[in-house]
Every structure is written in structure tokens, then in C-alpha cells.
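Novice: This is the structure, below, for whatever I ask next.
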Amino acid sequence: MRSVEYLAYLRSKYGIRPRRRLGQHFMVDDNILEFMVEAAEVREDDIVLEIGPGPGLLTRYLMTRAGQVIAVELDGRMVEILKRELGEAPNLEIVRADFLEYDVPDDVNKVVANIPYNISSPITFKLLELDIDVAVLTYQREFAERMVAEPGSKKYSRLTVMVNLLADVELLRGVPRRAFIPPPRVGSSVVRLTPKSEEERPDVDPDTLESVCRALFQHKNKTVRNALLLSAHEWATDREQAREVLEELPEDLLSERPLHLPPERVAELAAAIESALG
């Protein structure tokens, strides 16, 4: 049964309606659902996490390929439908939980999901803390484009830097609004995240990196020196300490503009600041 027909069957049987406050838009395009599973190279020895499965449209595809699927859903109505319709499958575990508070099992090695767009950022960074092989996710198109933006471009941002320091990011394809019921207000994109190993990640405290990055991109068109001074509260005790630290940093780095700094240079700057702060 095609996904659009399966959803119609569920709506007729259970009277379900998507809840916009939970960011529910159900993908019914079977070509894209299959594409996502293929992009993650889901195999029978994989344990796959799905975030926000809703009525189980993507879940059905994952179940045919994965050794185990763990579907984490916040909406109690959807959990009951999943249990009634798919719950007897031996390789499906249905969990009612807020993913942001959920303790992901250590043996999960892949994530495939159409995530709620209103919490895309916290979901992404939680996933990048996990020891997984790959995540294939659907994002709002504008968010996805920021993730892969080039230094100097209008969409280059703190998000770009932080994500690219932690993972290899690939924008795989666009998704039209009509692929969902109800259609979201904007287009979407499928993105593949391949987390970097510990050796590939920057050798700097994550909190320092985040605070420096936040300071830089609050004033991304100013020089690095001015951006760090204007947002000294983000990374230093006060402006006096900030000035002392800046005296120890390379002038060529301070005269750059955050908008043009590649992620690796931002990490280099954060490491230098961390060292100067002691």
C-alpha cells in the first residue's frame, strides 16, 4: 500500500489530524522515503533510530531493511496507532518520549528521520554527540542551506561552523512541499550527516568553541577583534580580560571578519583563546 493510501486509511480509521504545534507534517512521497533509507545504507545488522515517526510512514520502510528500529514519538495518539498497526513487528521498538530528553541506547548506529523543524538545531547537536555512523534527516530548506553554506556567503553562520566541525555534511536533494500532508509553508531538503571521529574534531573544549562562535557571529561583518570585544560577555569575565587575551592572538586572525573564517580557523581561534584564558 502506498504511503498516501496508508495515511488515508489511518485517518479514516482513527480520525487523526497532524498537530502543527508538534511540527507534524507527514511525508507521503514513497520515492523520497525510499531514498532516505537508501542514503543511510540501512542493512539488517543496523539498529536505526527514528525521531518523530508519527503514523509510521517512514517506519514501514525502515522495518523492511533494519535489524531493529527504535521509533521515539512524543504524541501519545501516534504511539497508540503505531502499536496497533505495527507493534507486532519483532524488529520494532516504540518509545513514547521527548527525544531531547531521551537516553539513546549505545548500540544505535544510524538515524533516519523526518524531524520537527521547530527543534532542528537541538536535535542535530544531540545527534552529533552520539557514537553513530550516519544520520539522514529532512530539514527545512533554509536551515539545510545554512548547514552547507560557504564562508563569505549570506547564509554562512554559527550553525554552519559548529555542524561542519563535528560532521561531514551533504545536502542530498530537495523535497517539494507536496511531498507532505499537510504541506509545510516552505520547501525541505534531505541532508546526510557523517559524524567526524574524535581525532578529526577540534581539540578545544566544546563550551569554549560554542561561546566563541556565538560571540563572532553576533557581529559577523565586523573584524574578529571587534566582534570578540563587543560580545566579550559570551567568552570572557569582562572586557578587560577580553583585551588581555586579544593581545596574545595573531593580528592576521584578529583582522579577519567572522563571515569569511572557515570552520577550521574558528576552531583555531577558539583553541588560542582557551589557551590564553588558561
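Note that Cβ sites are derived from N, Cα and C of the backbone, with glycine treated the same way.
Annotation comment: Swiss-Prot describes H25, M27, G52, E73, D98, N114 as S-adenosyl-L-methionine binding site, evidence class sequence analysis.
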Novice: Where's the emptiest Cβ shell within 10 Å among the binding-site residues E73, D98?
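Specialist: It is D98 that, of the binding-site residues E73, D98, has the fewest other Cβ atoms within 10 Å.
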Novice: Looking only at H25, M27, G52, E73, D98, N114, the residues listed as binding S-adenosyl-L-methionine, what is the longest Cα to Cα distance in Å?
Specialist: 20
Novice: Using DSSP with the three-state reduction, classify M27 (S-adenosyl-L-methionine binding site) as helix, strand or coil.
Specialist: strand
Novice: Using a 10 Å cut-off on Cβ-Cβ distances across all protein chains shown, tell me which of the binding-site residues (H25, M27, G52, N114) has the largest neighbour count.
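Specialist: The residue with the most neighbouring Cβ atoms within 10 Å is N114.
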Novice: Which three-state DSSP class does D98 (S-adenosyl-L-methionine binding site) fall into?
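Specialist: Coil, per DSSP.
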Novice: Can you check what DSSP calls G52 (S-adenosyl-L-methionine binding site), collapsed to helix, strand or coil?
Specialist: coil
Novice: What three-state class does DSSP give N114 (S-adenosyl-L-methionine binding site)?
Specialist: strand
